[in-house]
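The block underneath contains the structure these notes are about, expressed in structure tokens.
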């Protein structure tokens, strides 16, 4: 039994004398429980059970999910097992309850639970940070129903988010227990409830329309209940009616006047429908709110839901067959997936689809992330104070209330930076970016102060208690359009690329089009927030940080504190997701934490609050793009002129100007290009690199141009794509020779595999038969250049003479992409040894100094290349000894013999490829076909099917690479469909800074039918062991989903006689989709 006393409450509240509960069958007694303490904090900080993870503290991510057992209120002798968000569950509520955490299921000492093994079997994890929460959600379901239905399994994860995997393998894992499969626990619970039935003459329905399929606030919710009298024929008389709406305004709307109008009316008469809509039009008065969808959408949506319900009450003889599609909401089927690839068994473990090395430890919560390191006795905890507005000056800070709190230690400001140090987290040659604001507040959310306390809760409370006074307030420049109009630009290099005479060619072209596109931001949404732990030692600062770029962290900390690089040692075992967001932006957390440790001479930890993380640090760059294109009558490109206005925000260190020029052409040939890239300056956090930086938006732009040309010529976009695809031997606008171009072959194979022609014909028929449901299909190819020249890493392979085991150290960071597993596979393959005798050390600046950031899709392959060279060197040293030994010598015997010959059993290799003047190291090619169905009345869509054919060369590990393809695509799907970023126009503050407002995809947003094929028999002659990268290129094909939605909207607009091209900016959220369909209540007929 564990007995603990909770620390005193920060402010107010009576304490219960004690509570008693169990955690994993161990009794806990808490004396004087603190009402502020959540179960999550108790588990992690007091019980030391850090397998349960923390992210949002809002109940919106599922990382903190645990199982709770309690008596069934209907059958007290039975126990109910239910999943709970431990971040929201007060510790005080647990009296006489039983908690089960991930540690209670299994682990490496007691053996792993079947759920944990099943997740590994299905390769259902990448970074692993969210994995314990998913497993506990599965456990809670299966505890009550050992063999759920496939639909129950599909519906399970409405509160669990994953940024890495794309969900498909997680769903497959839980579905493996469905429909008669063996169960995992022997608890069976049956609960029955009696719900009053509607009378025979009553009809009722409710609706909830959301930005995504699960776990989101409704745009509008509606409930309708009518009592009807049906006569012979088509007469349906309303005797009573109730119509209620929420989301239209801040108050519930009860449409009394419309109800009154309906009483006694015959629903089969067009005049009844028209009159009711007229009444409803007056009663619905939406309010403006910058976080919500537009008032116009919420009003038309409420009326459309009424229209849906109305048509349900009217007989088919009255409602035409084309209109009946209005009656229903979109019906999503149980999802399925298919993955195909080839392997080479003679090369195993190379090319073998293996799980990640640490996969089982991730499923049990034993894989340690930075914030899982237990705190030392003297450790301090830190939290940022951030500005609530931008475009102002910092007048003063009142810290007295914060410092008066029990447990408060210190509040650091810019003036606390030591002599010789610098107030910047970006060391030279980067431009300075302040660690803590000294005077001018550049953006809302900018860090101002750093609070230190003896607990994380007190530090966060201190941050909220500090009063910040501003002066010289100005209107922040938030709008990208306004910034461009004001010529608010950063100086930019290499922002102009000319090939031929684009302007002249366009002027002479038989046909031309022009237009502009807006593309929004995207949060990285890594599940592990920014975190750093810094420990002062006798000779250095040990900086344990969730960072993609340890060399930058070392330089940044040293420069900020006036130290030398030798005085700072940076390390990381793994990251809980990153996607580019933990490269330069992680430095502010590392530098401030190091500053606190340096000044206090105590260990300091900062695990950034999720909302602060979202508000203080930048996202993917947003764009305004203007283009003009000339082309022949057959669609062949003649000249392309594009200007990219790329919003860098309040700093320009992470500019994407060069990337826009490298990827602008996508997969298309043209003789004349003029590409202009402009870095825009606005009053928002500095934008930063995000998975597929630059390439993701500009490939969308090029595909948008192809779509525009196709509409102008009344052609299928597939025809225009085929007309312009590159061929082997072509030269890109950047002067790169395409010596191994296979895009035309890959394109043709995908069209055949996905049966695109027949499906397009089916869609035409479906759309002609349905007024209010529309389908669309889009095909998107990519050419994605992979450049090695900016990557440099030091790797070493150490063989231990005593037992022959091996440790690999490399310069990359394991962040879910499987880098550790791939380097181990390469090592095992070349040395001819089993994987089980290989371990991979955590990365640090002692073993791997001067390493480039992990990113750009090249870190895995370059570190594999370095390990390959290390192993080749070891073989060269060992082969002479091998030749002197019997032919069947074991590895251990060989190692011992080499050691006795005084041979060095450690080899290291520094990899830094030379620049290639003729282009990238190689190009990856891929093609995707996406099909969607759209509810025209609501704007909702379902991605019905996605087929991806991707050239991964000869995959080093197909299981990992398929996971990368799927995860990248789903992250892109969120970018194009659900992830809307909104600012307050007055203060400049981010409004979508929490899980309640910002919506990455959930498990039911993924394609219903998700087919991923790695191109077979396609070894890469210039890759590492014939492989290609997989982390970023597939994401650039995710815009196919937006274009498929756009094609469905095209069909809806054609119902109104509209054939001209229209723009659909990203993200295409349901409100944008519905409004693009130009809904009008006058269209709501029988």
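Cβ from N, Cα, C; glycine included.
Within the same chain, residues at least six positions away from residue 1032 (active site, proton acceptor) with a Cβ under 8 Å of its Cβ are 691, 692, 695, 784, 856, 857, 968. What TrEMBL records for 1032 is active site, proton acceptor.
Using a 10 Å Cβ-Cβ cutoff, residue 208 (FAD binding site) registers 16 neighbours. Taken from TrEMBL, the feature FAD binding site covers 208.
According to TrEMBL, the Mo-molybdopterin binding site annotation covers 548, 579, 691, 856.
Look at TrEMBL and you will find 17-105 tagged as domain '2Fe-2S ferredoxin-type'. Per-class residue totals from DSSP over the domain '2Fe-2S ferredoxin-type' (17-105), listed helix then strand then coil: 15 helix, 31 strand, 43 coil.
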Cβ neighbour count within 10 Å of residue 579 (Mo-molybdopterin binding site): 31
Cα-to-Cα gap, residue 579 (Mo-molybdopterin binding site) vs residue 208 (FAD binding site), nearest whole Å: 32
Under 8 Å by Cβ from residue 548 (Mo-molybdopterin binding site), same chain, sequence gap 6 or more: 575, 578, 580, 582, 583, 586, 813, 815, 853, 854, 855
Protein Cβ atoms within 10 Å of residue 856 (Mo-molybdopterin binding site), excluding its own: 22
PLDDT averaged over every residue in the domain '2Fe-2S ferredoxin-type' (17-105): 94
Other CB atoms within 10 A, centred on residue 691 (Mo-molybdopterin binding site): 25
